[in-house]
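Input: a single structure, listed below in structure tokens.
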Amino acid sequence: MVTLAELLALLAALLATASGYFVSIDAHAEECFFERVTSGTKMGLIFEVAEGGFLDIDVEITGPDNKGIYKGDRESSGKYTFAAHMDGTYKFCFSNRMSTMTPKIVMFTIDIGEAPKGQDMETEAHQNKLEEMINELAVAMTAVKHEQEYMEVRERIHRAINDNTNSRVVLWSFFEALVLVAMTLGQIYYLKRFFEVRRVV
């Protein structure tokens, strides 16, 4: 029989397999992150550019044999999942080399699934239903946590866009008001000079 403490420890271990990070990538720079897994392990990368330039970044996932698994150019967000094709260290890289001067802030999460079970466990006919339910609950909780983090980032991005647009509209309105006042004063001056009576002495 599985105790409550063992169940909580299993749930905590399952939730700990997903790591969320914010990283700042300077112009002309590349940042890489590494995960060592066994063959057959399910892995996933979820990312979103939170700040900087046109909110785009180059993404590349490479296997231990230097085989390209995924490559995306100028992406602002994305989700990609795959199963490890061999044992070893997998490389997740974000490149800002296309940017001339703007650093980018990228929020990303690397999800590492459970390692594949051994033959002796696969041959068992009966699996513990409680462990299965806890595993499903942990996956669902991780997905909700990721979705909440991405919603916060999107809300921050849209608020920054709204503030920027609002300040531009206010500045443009102020400029238009100044032009209107200048034109009004110019017309008054012109009409006043037009109706002036010039005396010849």
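Along the chain as shown, the residues are counted starting at 1.
Yeah, the Cβs are placed from backbone N, Cα and C, and that goes for glycine too.
The domain 'GOLD' annotation in Swiss-Prot covers 30-112 and is backed by sequence analysis. For the domain 'GOLD' (30-112), the number of residues in each DSSP class (helix H, G, I; strand E, B; coil) is 0 helix, 56 strand, 27 coil.
Feature annotation from Swiss-Prot assigns region 'Interaction with F2RL1' to 1-181.
Residues or ranges marked as region 'Required for TMED10 and TMED2 cis-Golgi network localization' by Swiss-Prot on the basis of similarity to another entry: 118-157.
According to Swiss-Prot, the feature motif 'COPI vesicle coat-binding' maps to 194-201. Restricting the average to the motif 'COPI vesicle coat-binding' (194-201) gives a pLDDT of 69.
Summarising the annotation, Swiss-Prot assigns signal peptide to 1-20 and lists sequence analysis as the type of evidence.
What Swiss-Prot lists as topological domain 'Lumenal' is 21-168, and the listing cites sequence analysis.
Per Swiss-Prot, transmembrane segment is recorded for 169-189.
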